[in-house]
Amino acid sequence: MVKVTVCGAAGGIGQPLSLLLKQSPRISHLSLYDIVNTPGVAADLSHINTQSKVTGHVGNEQLKEAIEGSDVVVIPAGVPRKPGMTRDDLFKINASIVRDLATAAAKYAPKAFMCIISNPVNSTVPIVAEVFKKHGVYDPRRIFGVTTLDIVRASTFIGGLIGAEPSTVACKVVGGHSGHTILPLISQVPGASGKLTPEQIEKVTNRIQFGGDEVVKAKNGAGSATLSMAYAGARFALNLVEAAFFGKSIVECTYVQLDADKQGAQDTKRVIGNELQYFSVPVALGPNGVESILPIGSLSSFEQSLFSKAVAELKGNIAKGTNFVAESKL
Ligand SMILES: NC(=O)C1=CN([C@@H]2O[C@H](COP(=O)(O)OP(=O)(O)OC[C@H]3O[C@@H](n4cnc5c(N)ncnc54)[C@H](O)[C@@H]3O)[C@@H](O)[C@H]2O)C=CC1
Ligand SMILES: O=C([O-])CC(=O)C(=O)O
């Protein structure tokens with residue numbers, strides 16, 4: 001019996017994400033929470049002939065029943081970007097939304113695996129961690145920033161360039177989830193670096209780093225990536241369910257606390273130093289969430305040159321999230 005709660009389930013990501021999760025035979029209860037419209041979304045999805053029960057919960061007074069006893073909580077709640085905005089510009093509104101949802105999870109589902117989609121992910125993940133610490137239920141192995149869309153984009157863009165079926169192209173993407181903090185390790189993709197010129201590698205790296213902006217621009221004020229994010233979010237959540245509850249071995253890059261596996265993080269710290277508590281790294285998922293952090297592997301000199309910029313930006317993003325909770329009355 002696996003209960004998955006989606007917070008922000010009526011939104012641009014929340015609805016297609018819930019649709020994809022409804023198709024999984026691994027989920028027994030799909031709980032949909034939002035401040036608007038979830039009764040309708042839940043009624044609609046509940047007519048799909050898969051086994052999971054779907055419930056809809058709307059407004060703060062129904063948050064407890066939505067989240068209580070969840071095994072996995074996925075959070076795509078909050079505002080998306082408009083052209084000209086950075087993800088960090090969303091902090092003002094989304095930080096308190098994520099903090100309050102994390103508070104409910106810490107109280108009513110303290111063992112849940114938390115999958116954070118709301119931006120800025122670099123800061124919202126530390127917010128969730130700090131809230132859980134304040135409630136005395138913190139386990140760094142159970143809190144994840146969902147950076148899967150960066151991996152999905154890397155497969156697609158690199159696959160297109162080298163003429164490979166995109167889903168077969170596995171590219172680690174480490175770092176964070178904003179512009180220069182997104183670090184695709186193309187030199188490790190079998191068959192890719194030999195086929196691409198340095199100029200092509202630089203160009204496709206930039207496209208992966210700023211893929212979100214490409215969508216924001218094309219949507220022209222109507223939001224950011226929703227459908228590809230729903231796909232990526234469902235991939236991550238379902239992989240986590242498979243690994244945590246059904247014994248499957250799965251490795252995904254995800255933004256986690258490096259303390260989740262101090263030993264395993266040594267390799268990453270050799271490259272990024274000891275300044276950062278959070279980084280997206282390849283993680284072996286299992287019954288406890290993060291079972292181990294795997295090496296990020298060797299980097300090309302081009303990739304190495306991208307790291308210093310990423311580390312400086314991430315440091316500020318992480319401190320912003322941590323300080324926000326320290327200054328919040330909980
Ligand atoms: N991690 C990633 O790779 C990505 C993250 N995002 C982020 O995901 C977030 C959601 O994006 P969209 O779905 O496009 O936005 P949206 O505006 O379409 O949907 C957001 C939903 O959150 C709900 N909401 C607002 N406050 C809430 C609260 N306190 N509790 C529960 N629900 C609440 C809204 O009612 C709305 O239904 C944004 O912050 C966006 O930047 C978007 C794409 C990729
Ligand atoms: O770009 C945005 O604001 C949404 C996002 O995180 C992405 O598409 O990667």
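Heads up, the Cβ atoms here are built off N, Cα and C, so glycines get one too.
A TrEMBL annotation is a machine prediction, not a hand-curated record.
As the structure is a computational prediction, the values presented were derived from the model and not from experiment.
What TrEMBL lists as active site, proton acceptor is HIS177. DSSP assigns HIS177 (active site, proton acceptor) to coil in the three-state reduction, outside any helix or strand. Non-local neighbourhood of HIS177 (active site, proton acceptor): ARG87, ASN119, PRO120, VAL121, ASN122, GLY145, THR147, ASP150, TYR255, SER280, each in the same chain, at least six residues away, with C-beta under 8 Å from its C-beta.
Same-chain residues at least 6 positions away in sequence with a Cβ under 8 Å from that of MET229 (NAD(+) binding site) are, in sequence order, ILE13, LEU17, PRO76, ILE117, LEU149. Annotation source TrEMBL lists NAD(+) binding site at GLY8, ALA9, ALA10, GLY11, GLY12, ILE13, GLY14, ASP34, ASN94, ILE117, SER118, ASN119, MET229.
If you look up TrEMBL, you'll see ARG81, ARG87, ASN119, ARG153 marked as substrate binding site. In the three-state DSSP scheme, ASN119 (substrate binding site) falls into the coil class.
Per TrEMBL, the feature domain 'Lactate/malate dehydrogenase N-terminal' maps to 2-145. This prediction places the mean pLDDT of the domain 'Lactate/malate dehydrogenase N-terminal' (2-145) at 98.
TrEMBL lists 147-325 with the feature domain 'Lactate/malate dehydrogenase C-terminal'.
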With Cβ-Cβ distance below 8 Å and at least 6 positions apart along the chain, what are the contacts of GLY8 (NAD(+) binding site)? List them in sequence order. GLY14, TYR33, ASP34, ILE75, PRO76, ALA77, GLY78, ILE117, SER118
Cβ distance under 8 Å to ARG153 (substrate binding site), same chain, sequence separation 6 or more: which residues? ARG207, ILE208, GLY211, SER228
Smallest number of other CB atoms within 10 Å: among the binding-site residues ASN94, ASN119, that is ASN94
Rounding to the nearest whole angstrom, report the longest C-alpha distance spanning ARG81, ARG87, ASN119, ARG153, listed for substrate. 18
Cβ contacts within 10 Å for GLY14 (NAD(+) binding site), all chains included, total 27
Listed NAD(+)-binding residues GLY8, ALA9, ALA10, GLY11, GLY12, ILE13, GLY14, ASP34, ASN94, ILE117, SER118, ASN119, MET229 - what's their greatest C-alpha to C-alpha distance in Å? 18
Just to verify: the residue among ARG81, ARG87, SER118 with the fewest other Cβ atoms within 10 Å, which of the binding-site residues is it? ARG81
